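My questions all concern the structure below.
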Amino acid sequence: MSSGCRSVGGSTWGNWRGDGGDLRQRRVLSPVCSAPAAGSWIGSQLGNVGNLLATPHPLGKPASSRVGTIVLACLLLFGSCVVRAVPTTPSPPTSTPTSMSTHSHGTVDPTLLPTETPDPLRLAVRESGILAEDGDFYTCPPPTGSTVVRIEPPRTCPKFDLGRNFTEGIAVIFKENIAPYKFRANVYYKDIVVTRVWKGYSHTSLSDRYNDRVPVSVEEIFGLIDSKGKCSSKAEYLRDNIMHHAYHDDEDEVELDLCRPSLQLRGARAWQTTNDTTSYVGWMPWRHYTSTSVNCIVEEVEARSVYPYDSFALSTGDIVYASPFYGLRAAARIEHNSYAQERFRQVEGYRPRDLDSKLQAEEPVTKNFITTPHVTVSWNWTEKKVEACTLTKWKEVDELVRDEFRGSYRFTIRSISSTFISNTTQFKLESAPLTECVSKEAKEAIDSIYKKQYESTHVFSGDVEYYLARGGFLIAFRPMLSNELARLYLNELVRSNRTYDLKNLLNPNANNNNNTTRRRRSLLSVPEPQPTQDGVHREQILHRLHKRAVEATAGTDSSNVTAKQLELIKTTSSIEFAMLQFAYDHIQSHVNEMLSRIATAWCTLQNKERTLWNEMVKINPSAIVSATLDERVAARVLGDVIAITHCAKIEGNVYLQNSMRSMDSNTCYSRPPVTFTITKNANNRGSIEGQLGEENEIFTERKLIEPCALNQKRYFKFGKEYVYYENYTFVRKVPPTEIEVISTYVELNLTLLEDREFLPLEVYTRAELEDTGLLDYSEIQRRNQLHALRFYDIDSVVNVDNTAVIMQGIASFFKGLGKVGEAVGTLVLGAAGAVVSTVSGIASFLNNPFGGLAIGLLVIAGLVAAFFAYRYVMQIRSNPMKALYPITTKALKNKAKTSYGQNEEDDGSDFDEAKLEEAREMIKYMSMVSALEKQEKKAIKKNSGVGLIASNVSKLALRRRGPKYTRLQQNDTMENEKMV
């Protein structure tokens, strides 16, 4: 904005000084006029007047004439300008973008304007200032030295490659043992084939065939198979609670040699007594013929058992429901066994026979025998902890690096490009079942690798450590140190006067060989004291304490064994997660190493730039310290330190004046002058005149001046915008978007790769993969055998026949008496067996609920029969003729009467009485004969002579009694009469 009105007459007089100080005429007259636009006529005239007044007259006229010229110019000026008193509001804005009036907004309260003096010109100048719309302004008091700072000395840049703890060593990785425990077993059984053949006149056909497998008794295995290499042709087996016998070719029992069959299976051996099946056909046609074949078979097969080893399967398809580690020893009795105890037998020091070479084994073994309903199985018993192991060796790693990172161990194996993660705590092998083999195999493998590769270059720095990695992998790790590093440790020990053997220090296992390890003392390590005469009381106390310690230790061990919960280690079927972990760790280490190098270079660069900062602070301490502290401060160098004061934020209003010219005609302000208040709502007396500094800093003094120059152009930051001055006169506000930004920053956007841990994930579990098939052969076989055992021959279902046991005992007794005794025993046992069978059958029939119902029906039927018998007897007594000869009915009687010419109405008065009497005599005679026969039978049954004599006497009496029987005539007299 122009600071004065240009004179019409174009006078060129000098300065005018008033009481208010050296104020240029154009600055005094400018606020009197209305705010003209830049380049307007009034503004140009005011500028000309100011220039005339500022230029001295060449003729050197006196000052009085200059005063008159000034008065005349003012009169002309007031004639062309609209003179205003102290305005209450700034001039309204115009449409011109460069007008100074666009920077005055709203109505200004007169109480907020500065009122140091009642000079209306000064009030007008302040009122015409530019109010800052937004932005923060600060005022900084001069530093006095109460607060001093210094520049930080150069830093030591870190070396990131030494920030992690690495340990090298040898490792053996174990996985879950999913393979079954395999062992050799012998199967003994007799194959029975019973055929039934029908022989016709010209053909023969097979009508029935029965096939069964029966076990060979353990006694026969001892006495024949493993003793002579033979087998009996007799088969004795129990089916349906009945002992059956079968003989080969239906002949007497003989001993047959065991021979190799013509067909041999791979991985198995077998021996049998015959290759043929007997089928007997007789010479007589139209009959059934039955024949029996008994083939004794011994097979050497492979047996398998999986954890928890409660059963095992044979390659023949049979499943034995007992643990292969079951035995009669203390530790083996706790194993599973589903069979009755009499079916199991264990023999110590057994020497089996090789059926091919007919030679017995040299080394005795402990042999187990189990007799199932169909086969007898034998195998060599071994201890479970020695043979079975739930973990198996997977990889031997000759170079492994262990890295401790964020509370976990990372085992990196470059040979297989895998990284395994585990906890920092060691895994206890006792917490998993059957892991005794791990320590032995790990030690052997690690020692073998060490002797081959590292014995001359490295030493062990610890014992074997076990860690359970994610995915179910057990890592047996033994750390090592190079000889050079070990020498450094040795030198450090010597320097610190610690004379220890390096081998014993780095390898604790060496102490075990020398027996120099100091053991922890306990009451168990103290030998049992022997009482003496001098210290009887002390020895008794030691004896009691030692006994308590032994009991406490035994109790603790037993409680630990029973309370310990063993958990099987499950291993994933793939290590892709470990390979991904290795790849990610490799990328992470490479990228982080690269970024660490950049950070190291950055730190080195900062140390070098620190020297530049130290020199620049001597030139502009406030700017350097403010940039360093990221805070507005005023600074001043005090020797080798810097005095600072913190800048205060201005809460009041800040007004920017529109001219940068000072009272001196040759001197101008290098920064725009401002008027401001420290706090809000301050009165006119609280206004302060100052000068705008860099970055919205307000100086409380106006000391920044420079000689006035032509064609001067300046941009100053005022709030959040910029103001443009031309020839020390405000022109307009400039938004920051109109000024192109040149960035001095070099972007360094570094982000370290975060740690990621890959977990093993299984899309399909092992159980799902096993269940994908249509049929499960193992389950089908198990169900079939369990079905047969459950409903037919399992021990818990079949009741023991005590009578059969007694009979077998009696038969054995008679058999021991020789051939005669055996014959007598057969006769006696036959009769006794018949009686026992009858009684047992009746008892079984009565115990059956259907038998009870049948007996009830029989009782009812007996009562009905008794009723009819009683009725029949009574009928005989009342009318014996009708009862004995029911054919003499009324119809026959009527027919007889009709034949004699009588009517039905006629009575029976003409009936022949003589014939009736004869009939009665005949009936009486028949009754007597019947009674006589009964008496004779009783006498014969009792074998009594009196009865026989009485019977004979009765016969004689009957013979002589009564007339003799005369034959009746062929023709009836009545019929003859009718015929006549």
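Glycine too: its Cβ is placed from the backbone N, Cα and C atoms.
Per Swiss-Prot, signal peptide is recorded for 1-86. Marked as compositional bias 'Polar residues' by Swiss-Prot: 1-14. What Swiss-Prot records for 1-20, 88-118, 505-535 is region 'Disordered'. Among the features that Swiss-Prot reports, topological domain 'Virion surface' is placed at 87-849, with the record citing sequence analysis. Feature annotation from Swiss-Prot assigns disulfide bond to CYS140-CYS647, CYS157-CYS603, CYS231-CYS296, CYS389-CYS437, CYS668-CYS708. The N-linked glycosylation site annotation in Swiss-Prot covers ASN165, ASN275, ASN380, ASN423, ASN497, ASN514, ASN515, ASN560, ASN727, ASN749, ASN952, ASN971 and rests on sequence analysis. Residues annotated as region 'Hydrophobic membrane proximal region' in Swiss-Prot: 794-847, 823-843. Among the features that Swiss-Prot reports, transmembrane segment is placed at 850-870. Taken from Swiss-Prot, the feature motif 'Internalization motif' covers 965-968.
Mind running through what each feature is packed against?
Summarising model confidence by region, the topological domain 'Virion surface' (87-849) averages a pLDDT of 78.
For CYS140 (disulfide bond), other Cβ atoms within 10 Å of its Cβ number 21.
Secondary structure at CYS603 (disulfide bond), as computed by DSSP, is helix.
Its Cβ placed at the centre, ASN165 (N-linked glycosylation site) has 10 other Cβ atoms within 10 Å. In the three-state DSSP scheme, ASN165 (N-linked glycosylation site) falls into the strand class.
Same-chain residues at least 6 positions away in sequence with a Cβ under 8 Å from that of CYS231 (disulfide bond) are, in sequence order, LYS190, VAL216, GLU220, LEU224, ILE225, GLU255, LEU256, LEU258, THR273, CYS296, VAL298.
Following the DSSP three-state reduction, the secondary structure of ASN275 (N-linked glycosylation site) is coil.
ASN380 (N-linked glycosylation site): 15 other CB atoms within 10 A of its CB, across all protein chains.
DSSP assigns CYS437 (disulfide bond) to a helical segment in the three-state reduction.
Other C-beta atoms found within 10 angstroms of the C-beta of ASN423 (N-linked glycosylation site) number 13, with every protein chain shown included.
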Report the nearest neighbour of CYS140 (disulfide bond) in space among the recorded positions ASN275, CYS603, ASN727, comparing Cα positions.
ASN727
Sorry to bug you, but what's the C-alpha spacing from ASN165 (N-linked glycosylation site) to ASN275 (N-linked glycosylation site), rounded to the closest Å?
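Cα-Cα distance, ASN275 (N-linked glycosylation site) to ASN165 (N-linked glycosylation site): 74 Å.
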Including all protein chains displayed, how many Cβ atoms other than that of ASN749 (N-linked glycosylation site) lie within 10 Å of its Cβ?
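So the number of other Cβ atoms within 10 Å of ASN749 (N-linked glycosylation site) is 4.
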Which residues in the same chain, at least 6 apart in sequence, have a Cβ under 8 Å from the Cβ of ASN727 (N-linked glycosylation site)?
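Result: LEU710, ASN711, GLN712.
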Would you find the one among the disulfide-bonded residues CYS157, CYS296, CYS647, CYS668, CYS708 whose Cβ has the most company, meaning other Cβ atoms within 10 Å?
CYS296
Going by DSSP, how much of the region 'Hydrophobic membrane proximal region' (823-843) is helix, how much is strand and how much is coil, in residues?
21 helix, 0 strand, 0 coil
Let's check the environment of ASN275 (N-linked glycosylation site): how many other CB atoms sit within 10 Å of its CB?
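Within a 10 Å radius of the Cβ of ASN275 (N-linked glycosylation site) lie 10 other Cβ atoms.
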In this structure, which of the disulfide-bonded residues CYS389, CYS437, CYS603 has the fewest other Cβ atoms within 10 Å of its Cβ?
CYS603
State the Cα to Cα distance, in Å, between CYS603 (disulfide bond) and ASN749 (N-linked glycosylation site), rounded to an integer.
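On Cα coordinates alone, these residues lie 15 Å apart.
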I'm trying to understand the geometry here, so how far is the Cα atom of CYS647 (disulfide bond) from the Cα atom of ASN165 (N-linked glycosylation site), in Å to the nearest whole number?
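Between the Cα atoms of CYS647 (disulfide bond) and ASN165 (N-linked glycosylation site), the distance comes to 49 Å.
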